[in-house]
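Following: one structure in structure tokens, then a few remarks.
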Amino acid sequence: MKYKDLRDFIRQLEAKGELVRISQPIDTDLEMTEIADRTLRAGGPALLFENPKNHDMPVLANLFGTPERVAMGMGQESVEALREVGKLLAYLKEPEPPKGLKDLWEKLPVFKQVLNMPAKVLKKAPCQEVVLTGDDVDLSKIPVQRCWPGDAAPLVTWGLSVTKGPHKKRQNLGIYRQQVIGKNKLIMRWLSHRGGALDFREWCQTHPGEPYPVSVALGADPATILGAVTPVPDTLSEYAFAGLLRGDKTEVVKSISNDLQVPASAEIVLEGYIAQDETAPEGPYGDHTGYYNEVDDFPVFTVTHITHRKDPIYHSTYTGRPPDEPAILGVALNEVFVPILQKQFPEIVDFYLPPEGCSYRMAVVTMKKQYPGHAKRVMMGVWSFLRQFMYTKFVIVCDDDVNARDWNDVIWAITTRMDPARDTVMIENTPIDYLDFASPVSGLGSKMGMDATNKMPGETDREWGVPIVMDEGVKKRVDDIWDSLGIM
């Protein structure tokens, strides 16, 4: 199923019983978070708060609160089908020429999909039906949530920030939280390695003192939103990838005040600039770790224009101790990661990011081990191949007889196949999540690899244990008489 815009997605979710409208007045201050959190933890529907207190604009929450809705947003029928998205990305990351006519025929669907990659530029767009400038620019009219009691201020959470480096052909779409600090000002919290921050740094180097243009889209279509959080190759724009997911070109329009292209169907667009010498203390905020993060200075985004559709819908979320919406996104995107990793490391059988590990801080890998030290090669590969795993603190590698998604299996492998001194790899002074207050230095910490595989000659001189397995014939005979035994 494909969706042309957010409203189309809302209609189809509602038809499937995957969205509930809430007409009762609900406060954007804390109440929406509590309702959305309870709903998400119960595996419930997306929520459309039609009457947020003190605002005329409805709020859409918990949109991607189940892996199934993430899959739907990516145009797939099931979570399992997301592996096909991963295979497509793996191919686009390292394309191979067809090996013959048969291979060419098999790749034809991919080539057809590629035709949907270029964005379609419109001259008029729904996102610019209403244009606000000057004193009419007022962020307080948008029902921005304050999510937790200790949060410093309301926080824009689902904004797609559009940036462009001075030497780059394509734009970057990134999702960075933005603290509201005034009628027309937000704090742009982007970490130093993220695309927007890199673009801004290059701009400062080549255009010293000049304001940096930025546009932020709120309420884009699901393919574009999810394209911004998916590990697309550096040579592929998020708009192009969204076109692949949607099966139709992404429609964009030039911002009114700058040359950046924004999703034409977005509900709201904030346009403005970042002054190179203006920063402000951001936070504290409750984050996906389950803790409040420390206060730090980040650039200030000054909004000069707000454009929006008639009767716009504000798309919002919250972050907190897993499960939260980012954790659910992680569960779904996990299926996209697997084929990408397998293309580079065919020995990998499965890859799992436990949601309770804050989506990316721990990874469990199962593999077909072939030689001594093989598990360590896979560890290093996970840390280095995709930048999404730059901040993964713990990598556990097991054999393919272990279910990576079953902690009973994983803990059994760790406690029976590991010697802590021999099978633990420690690496110090590596990039680490800025939000990780457990690291000794902000942004710099250690990583641990755990080799929970069966050991080969060269790794041990001892006789290795053989797993206990019941005789298949006995199991079948007991299966045949089990019901008659009346045990349970």
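Every residue, even glycine, has its Cβ placed from backbone N, Cα and C.
From a predicted model like this one, the values you see are computed outputs, not experimental measurements.
Some features that Swiss-Prot has for this protein:
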BINDING   N172, E238  Mn(2+) binding site
BINDING   I175, Y176, R177, R189, W190, L191, R194, G195  prenylated FMN binding site
ACT_SITE  D287  active site, proton donor
Env. residues of prenylated FMN site, Cβ within 8 Å of mean position of I175, Y176, R177, R189, W190, L191, R194, G195 Cβ: S161, G174, M188, G196, A197
Entry from the binding-site residues list I175, L191 having the most other CB atoms no farther than 10 A: I175
Spatial neighbours of N172 (Mn(2+) binding site) that are distant in sequence (at least 6 apart) but have CB under 8 A: V162, T163, K164, G165, G195, G196, D199, E238
Cα distance (Å, whole number) from D287 (active site, proton donor) to I175 (prenylated FMN binding site): 14
For prenylated FMN, whose listed binding residues are I175, Y176, R177, R189, W190, L191, R194, G195, the greatest C-alpha pairwise distance in Å: 14
Secondary structure at L191 (prenylated FMN binding site), reduced by DSSP to three states: coil
Rounded Cα separation (Å) that holds between R194 (prenylated FMN binding site) and D287 (active site, proton donor): 18
W190 (prenylated FMN binding site), number of other Cβ atoms within 10 Å: 21
Lowest local Cβ density (other Cβ within 10 Å) among binding-site residues: G195, E238: G195
Which of R177, R189, R194, the listed binding-site residues, has fewest other Cβ atoms within 10 Å: R194
Spatial separation of the residue listed as 'active site, proton donor' from Y176 (prenylated FMN binding site) - C-alpha basis, Å: 12
Cβ-Cβ neighbours of Y176 (prenylated FMN binding site) (radius 10 Å): 23
Number of other Cβ atoms within 10 Å of the Cβ of the residue listed as 'active site, proton donor' across all protein chains: 21
Pairwise Cα distance for R177 (prenylated FMN binding site)/D287 (active site, proton donor) [Å, integer]: 10
Rounded inter-Cα distance in Å - R189 (prenylated FMN binding site), D287 (active site, proton donor): 13
